[in-house]
Amino acid sequence: MLLRFFINQPRFIQFTFLRNKKDRILGLQLGKQPFRMSSSSGLKQQGLAQKKKFQLEFDPSSVSKNGTKTEAKVVGTEFGVLLVRARNTYFATAGKCSHYGAPLAKGVVTSDGHIVCPWHGACFNAATGDVEDTPAIAALRTFPVTEEGDGSLWIEVEDKNDNGASVLQPEGCWRNKATEVYNKGSVETEVTAPHVCIIGGGKGASVAAEYLREKNFKGKITIFTREDEVPYDRPKLSKSLLHDISKLALRSKEYYDDLDISFHFNTDVTKIDLAEKKIYCGSDEKPTESYTKLILATGGEPNKLPIPGLDSKNVYLLRSIADASKLAAVTTEAGDKKNIVIIGSSFIGLELAVVLKDHNVSVIGMESIPFEKVMGKEVGTALKALHEQNGIAFYLENSIKEVKTSSNDSSKAEHIVLKDGQSIPADVVILAAGVKPNLRYLGNAVSLEKDGGVKVDEHCRVLGAEDVYAVGDIAHAPFAGLPSSGEKSHTRIEHWDVAGNLGRVAADHILFGNKAGYTTKSFTPYFWSAQGKQLRYCGNNAAEGFDDVVIQGSLSDYKFACFFTKGEKVVGVCSIMKDPVVSQCARLFIKDAMPSKSQLKENFDVLSIPL
């Protein structure tokens, strides 16, 4: 029970009666701050929302054992929830993934209570709703479940959230854990207070910063970014040329302000003094900030080919919102179809080919089959055929001899001449020749790998640099190269999901790494791509390579799962139209429970393996 007395508003005195489980008053608490959490009666400071109980309608046989789930209808409403059976009890959560809204009932659930999204592998805790693996950043709302004597299940629901919407509606079914835990303005301001600086404004940076606050870290957090925007959903750039920050931002600037996360926008870090723990920006001779812990999350920068003419005004890159805006503008101008030449048959290059397929699109690549190194000859050939069905022309096993500029405008490319003599007309040229790690600001302070990345340990600590971590595209991390054998190999993975998970790894070690017996939580690298069909992939072919591919399903119908093997071990899995196979395999890798190559050749169903 709560009584509040207001004296000369807005000052007030708050009294709280403390009760035991039998509702007997045990004492009186005097507090100076307004309460934020709902009381036992369900009353809230704003809206006086009332908790209600709703019966669930579902098929009992669908949740008869641990590791099962179903979509349950909330009787008396138009909504549903995900009902999970795990750890010999029932859990109810929001039914859609907080990443892109995938139906979680079509994903997978483990017997110990992990919910995995069928589309992109985001993982949630069934009991708490907390995010355990990215790409999701918002937690699921959970609902207490009670079982009545007649076997019926009921959930307890607070009918309104702080925004006045039903918590069962899509806009109300997710939670932001960090703002629930951290109170704005509680950051420590002493000179000796801890200060985590993060260089880079991508997914790894955003996840690391938010995770620190989610665990109630009260030191300073500062993010340095070259861009003038908060971190945003970069994969959408190549999948749609979306360039509206309001639709791309992972979080609003106000959200970061509420977490006391500071930004240096439009800022280029040029030097780091590792000995003195100081960061220098631009041409400044004085350090901009000092840090106690540093996370490097600067990602990659596009490769530029040393060919005259590729600096023409109609040659475009795609790495930022500004790039997407320029490319969207030039490809939607009124007029006839444009001749668009994409240099590079990478995932991003061919995602752009899908977006621009209404134009005359040509793709130049050095390999004989797109994606062969990662996906194998069979899958690469099938994807190439799919693009050709959409009118995309390929010029493979080729390279650029020269770029011919317009006779009317020497600053504009007009034709791309290939080494075999073919000439391709070009109104728009897109350079999609991959990226390289952006670590110039380190100078010679740290030894780099051959490809320009930096080596880290299992906690993302940079080897040879005290209190420095690296995540994302720049980090050579010890991923599971052969997951089923437990072996590990350092490799650099340029995946959005990996960047986010490494950000969590680094932040977690900053907070808890000094505790006895500390270990880093494992995750399986997960990747997706829009290639005219939705392609999912998990594993790590890049670390160890593969020597065979087991195909289940039909490549020609684009409904298949492919298992990449080395010997009898599976090192990676991809699928199209076979959800949730890849999400299931992501968990099987973690549990060291993947079937063998021989089993898969006998058409063994990985979905039959209990998690």
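Glycine residues also receive a Cβ, built from the backbone N, Cα and C atoms like all the rest.
Noted in Swiss-Prot for the protein shown:
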BINDING   Cys97, His99, Cys117, His120  [2Fe-2S] cluster binding site
DOMAIN    56-154  domain 'Rieske'
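Take the CB of Cys117 ([2Fe-2S] cluster binding site) and look out to 10 A: across all protein chains shown you find 28 other CB atoms.
Under 8 Å, Cβ to Cβ, and six or more positions away along its own chain, His99 ([2Fe-2S] cluster binding site) finds Cys117, Trp119, His120, Ala122, Pro135, Ala136, Ile137. Contacts of Cys97 ([2Fe-2S] cluster binding site) defined by a Cβ separation under 8 A and a same-chain sequence distance of 6+ are given as Pro103, Leu104, Gly107, Cys117, Trp119, His120, Ala122, Phe124, Ala136, in order along the sequence. Listed in sequence order, the residues Ser98, Tyr100, Ala102, Pro118, Trp119, Gly121, Ala122, Pro135, Ala136 complete the 8 Å Cβ shell around the [2Fe-2S] cluster site centroid, once Cys97, His99, Cys117, His120 themselves are left out. Helix first, then strand, then coil: DSSP counts for the domain 'Rieske' (56-154) stand at 7 helix, 43 strand, 49 coil. On the 0 to 100 pLDDT scale, the domain 'Rieske' (56-154) averages 95 in this prediction.
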